Each structure stands twice: as C-alpha cells, then as structure tokens.
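> Let me begin by handing over the structure; questions about it come next.
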Amino acid sequence: MTHSTGTLYIISAPSGAGKSSLVKALTDAKPEIRVSVSHTTRAMRPGEVDGVNYHFVSRETFVKMGEHGDFLERAEVFGNLYGTSQSHLQQTLDAGHDLILEIDWQGAEQVRKLMPQARSIFILPPSLQALHQRLTNRGQDSDEVIDGRMREAVSEMSHYVDYDYLIINDDFAHALGDLKAIFRANQLQQKRQQQRFGKLLAELLG
C-alpha cells in the first residue's frame, strides 16, 4: 500500500459558529489530519500560541510576504490581515496528509480558483440567537465588537451556497460526526483508493 496525495479541505463559518472547536475535536480524534497555520496581523488572544493557532506577524511583515508571493490566499477581516503559506500547504499534501484550511469565504474563493480539487465545508449555527450567545459566552470581545461580528455574520452566511458541504452545529457531537463522515467518504473515493491499493488491484485483476 502506498500513500495517496492528501486532500485540501476548506472550512468556513461565521465567528462563533463553533468551527475551531469542531476542527480541534476532529484532529484530536484523527491526528493524521493536519491544520494549516495561517499568518495574521491580529493581536494574540489569551491562551493562543504563536505558531500553533496562528503565525502572528506585523502588518509590515505580512505585506512584504505578500509582495514576495508567499501566500496562496489572503484576506482582510475586521481590519486584520490573514494569509495561507503556499509552500507549507503543498508539502503537507504531497506527504499524503489531508489538510484543513480554516479561512473565510473571501479566502475560499481565491483557493478554489487555484486549487479547484479542494473540498469545501461551511458550518452554520442553529440560529442567530445561538450565535450571539456563543460570542457573548466566549468573553473575548466587547459588546461593540460582538455587534459588528453579528452584522458581518449575515453577509458571511449567505456564501454557504458556494460550498460542497453544509453542517448545522446545533448539537456538537452530531456536527462532529457529520464532519468525520465527510472526511471518511472522501478517503474512500475510487481515485484515492486506487493510489493506496494499486498493487492489490493489479494482483486481483491479474
């Protein structure tokens, strides 16, 4: 059995929909799935670690990296810049690992144009009320910032139609099961299985 090239997964959601928690639970259960660590100019939040959650850089450094063509995609969200390293992404996929990009719809649009084979997943909250409550419970943002995120969420959620899969995060365990099912189904696609089991298939078919 040989390893197949990994699949790139784009996962997007409005802030507070539970995307990060679902991705962490998925990769805790399946450590062979990797998560791309984006570069950002936003301030580090309590509990975050540079190089783990994000590569935290200055706006000047980010702009220079962009000028050098280091980013596969980049976007500005709430006044902060975010970008995905092109070289690291390709190395991970070539090594046979499935790779998750946690990016917004703007970044997803850019990636799809460059890598149309990528699979995309959008996560929605069960209601606007639930979304507001989750943002409030995080205790990370002021009321003003939360109000801004809620306004932005309506615009963001309208882009779910551009994605391959849609998950409603009402019950966390159920949503996690849906996410795992998407990854498992894609691993069983004929082309990927052919790459993995080429020798076996040749023997079976004589």
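The backbone N, Cα and C atoms fix where each Cβ goes, glycine too.
This is the feature table in Swiss-Prot:
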{"type": "DOMAIN", "residues": "6-184", "note": "domain 'Guanylate kinase-like'"}
{"type": "BINDING", "residues": "Ala13, Pro14, Ser15, Gly16, Ala17, Gly18, Lys19, Ser20", "note": "ATP binding site"}
> Write out, in the order they occur in the sequence, the residues of the chain not among Ala13, Pro14, Ser15, Gly16, Ala17, Gly18, Lys19, Ser20 that have a C-beta within 8 Å of the mean position of the C-beta atoms of the recorded ATP site.
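Close Cβ neighbours, site residues excluded: Ile123, Pro125, Leu131, Arg134, Asn169.
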> Since the record lists Ser15, Ser20 as binding-site residues, which of them has the fewest other Cβ atoms within 10 Å of its Cβ?
Ser20
> Show which residues of the chain containing Ala13 (ATP binding site), separated from it by at least 6 in sequence, have their CB under 8 Å from its CB.
Lys19, Phe122, Ile123, Leu124, Glu156, Asn169
> Within 10 Å of the Cβ of Ala17 (ATP binding site), how many other Cβ atoms can be counted across all chains shown?
26
